[in-house]
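S.K.: Below are the features listed in TrEMBL for this protein:
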| type | residues | note |
| --- | --- | --- |
| DOMAIN | 88-514 | domain 'Major facilitator superfamily (MFS) profile' |
| REGION | 532-557 | region 'Disordered' |
| TRANSMEM | 20-43 | transmembrane segment |
| TRANSMEM | 142-160 | transmembrane segment |
| TRANSMEM | 172-189 | transmembrane segment |
| TRANSMEM | 195-217 | transmembrane segment |
| TRANSMEM | 229-253 | transmembrane segment |
| TRANSMEM | 259-277 | transmembrane segment |
| TRANSMEM | 340-360 | transmembrane segment |
| TRANSMEM | 372-394 | transmembrane segment |
| TRANSMEM | 401-420 | transmembrane segment |
| TRANSMEM | 426-449 | transmembrane segment |
| TRANSMEM | 489-509 | transmembrane segment |
Amino acid sequence: MRDYDAATAFLGEWGRFQRLVFFLLSASIIPNGFNGLSIVFLAGTPEHRCVVPRGANLSDEWRNASIPLELRGGQQEPSRCRRYGLAALANFSALGLRPGSDVELETLEQEPCLDGWEYSRDVYHSTIVTEWNLVCANDWKGPLSTSLFFVGVLLGSFISGQLSDKFGRKNVLFATLAMQTGFSFIQVFSTSWEMFSVLFVLVGMGQISNYVAAFVLGTEILGKSVRLLFCTLGVCIFYAFGYMLLPLFAFFIRDWRMLLLALTLPGLLFIPLWWVIPESPRWLISQGRFQEAEDIIRKAAKTNGITAPDVIFDPSELQDVNSQKQQTYTILDLMKTRNILTITIMSVLLWMIISVGYFGLSLDTPNLHGDVYVNCFLSAVIEVPAYIISWLLLRYFPRRYSMAAALFLGGCVLLFIQLVPSHITAVSILLVMLGKFGITSAFSMVYVYTAELYATVVRNMGVGASSMASRLGSILSPYFVYLGAYDRFLPYILMGSLTVLSGILTLFLPESYGMPLPDTIDEMLRVKGLEYRPPSSSTRDSKEEEENPEILKSTAF
């Protein structure tokens, strides 16, 4: 009996065909990088103040004094949401009284911005905030738009796996790329905040679905030695590259509709890839379509300059490992024993906190000192070394201590931000970027670590439950940023404290590095606090996540 890897071993691991699949599937992740966080600029909130109508019959002196001052960031700034009652000011102006000397402004009654707002155009020319006045009493709508996008990601996470299992990896990849591009294009013509937000949910669904399809397609086509590289560095670094493009687009295009259009159109570049990227031969075999799978492998052999054997897939000999594993377990099995219940609870908390930190810091870049475009670019660039470091840590160091170190680094520097004097802005930005570095590294490692902790029979469910917690964390993250309107340091204090807590929590998880993957619930590693078992080379010839595609597939969910 031969399995798929043995049947296709003649192709080699890193031929022209594999390189083409590696880079094209990684490139399909690029739009996710700039679309997922585009809300940073689409919903940017410029400085604003109440409009004082030209027909208010105020002298220039009273017009300039019509906006009360309020303490913001340690300084007196014009109020963004209040003005002095115009009727009273017009009366004082008609009587020839002067503000400050003849009339104490602090004693005057204030009123909301009844005539709308005027917005600064120094940073943004137009955003959904300025278009639909999402400020003051309506300022909750901006974070809600972001949360609704992540609700779409959560919904897409539920259906993407089932869709790709039923209709094929390639079909779902391109259908959901079209869905993401199409609904983003329709968003450009939104006539209300409600329309924009509903479409944003659908964009989120499309985004996560094409990410999962590309992830699974890559792990199923590429060989064992390339698989880990694709799932850590390939996918993640191309995502970061897309994220880097976002501030570059936004810097040159300051109108939100034109920016969204510019971010949407690159999706059309992937249409020709339909004729280049193949369907997963593994999936075709699981559907009994052996001839189609063999045609793809023969074409790959030709691309690699290799002569294929006369018979590649013999239905009577081929052993499809995945089809033999009948899933008879339910979500309740994640609570079957005290050990697996403890691991599940700790994993869910860990994923949620890391997700809050990652997306919270990514969405908070407009609130940092300095140029919003430079800060966003730095936030994207710092992800590249974070992914590389996490890949090296996964290869050579224990999971538990690597994760804890990354989380302690990320959490502690965020807590230190409040100690930095307000005039030393460069240090504050440096600490935020270090925090992003630590949390991003932990985010990259937690996929593999969680997959290694669960037994094969419940691995997909375990990682799926943890991933769902991550989506809930991303839904909550905009409101952590929103708290900065009340206290500049509050988001960092909360995210830093939670991240340090998650680092402590990690130390109580069992160590999986160098351990054989558990197949049954009884074989799962025990939660033993700080006790560490060194890796045993005899139990594991090489990194198990390279050898077992199920781990890599389950990490996408």
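Heads up, the Cβ atoms here are built off N, Cα and C, so glycines get one too.
Curation plays no part in TrEMBL annotations; they are all automatic predictions.
Quantities reported herein were computed from a predicted structural model and do not represent experimental measurements.
Buried or exposed, and what's around them? Tell me for each listed feature.
M.R.: If one looks beyond the transmembrane segment (20-43) by at least 6 residues along the same chain, the residues whose Cβ comes under 8 Å of a Cβ in the stretch are 124, 127-129, 134, 142, 145-146, 149, 173, 177, 180-181, 184, 200, 203, 207, 210-211, 214, 217-218, 221-222, 226, 230, 234-235, 237-247, 249-250, 256, 259-260, 263-264, 266-267, 270, 273, 276-278, 303, 362-363, 365-366, 372, 376, 380.
Residues 22-23, 25-27, 29-38, 40-41, 211, 214-215, 218-219, 222, 259, 262-263, 372-374, 376-377, 379-381, 383-384, 387-388, 390-391, 394, 444, 447-448, 552, 555 of the same chain, all 6+ positions outside the transmembrane segment (229-253), place their C-beta atoms under 8 angstroms from a C-beta of that stretch.
Residues 20-21, 24-25, 28, 30-31, 34-35, 38, 41-42, 170, 173-174, 177-178, 180-181, 184-185, 187-188, 217, 246, 249-250, 253 of the same chain sit 6 or more residues outside the transmembrane segment (259-277) yet have a Cβ under 8 Å from a Cβ within it.
Within the chain, the transmembrane segment (340-360) has long-range Cβ neighbours (under 8 A, six or more residues past its boundaries) at 150, 333-334, 407, 410-411, 414, 435-436, 439-440, 442-443, 446, 450, 453-454, 458, 462, 465-467, 469-474, 476-478, 480-481, 491, 495, 498-499, 501-502, 505-506, 508-510, 521, 524, 527.
Using a Cβ-Cβ cut-off under 8 Å and counting only residues 6 or more beyond its ends in the same chain, the transmembrane segment (372-394) has close neighbours at 33, 40-41, 44, 123, 228-229, 232-233, 236-237, 239-240, 243-244, 246-248, 250-251, 361-362, 365-366, 402, 406, 429, 432-433, 436-438, 440-442, 444-445, 448, 543, 545.
For the transmembrane segment (401-420), the residues of the chain that approach it from at least six positions outside its boundaries are 354, 357, 390, 393-394, 427-428, 431-432, 434-439, 441-442, 445-446, 449, 489, 492-493, 495-504, 506-507, 532, judged by C-beta separation under 8 angstroms.
A Cβ distance under 8 Å defines the sequence-distant neighbours of the transmembrane segment (489-509), meaning residues of its chain 6+ beyond its ends; these are 343, 346-347, 349-350, 353-354, 356-357, 360-361, 364, 400-401, 403-408, 410-415, 417-418, 432, 435, 438-439, 442, 449, 453, 480-481, 483, 527, 529-530.
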S.K.: Restricting to the same chain and to residues at least six past its boundaries, which positions have a Cβ under 8 Å from a Cβ of the transmembrane segment (142-160)?
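M.R.: Same-chain contacts beyond the ends: 36, 39, 43, 45, 128-129, 134, 172, 176, 193, 196-198, 200-209, 212-213, 359, 363, 464, 467-468, 471-472, 474-479, 481-482, 557.
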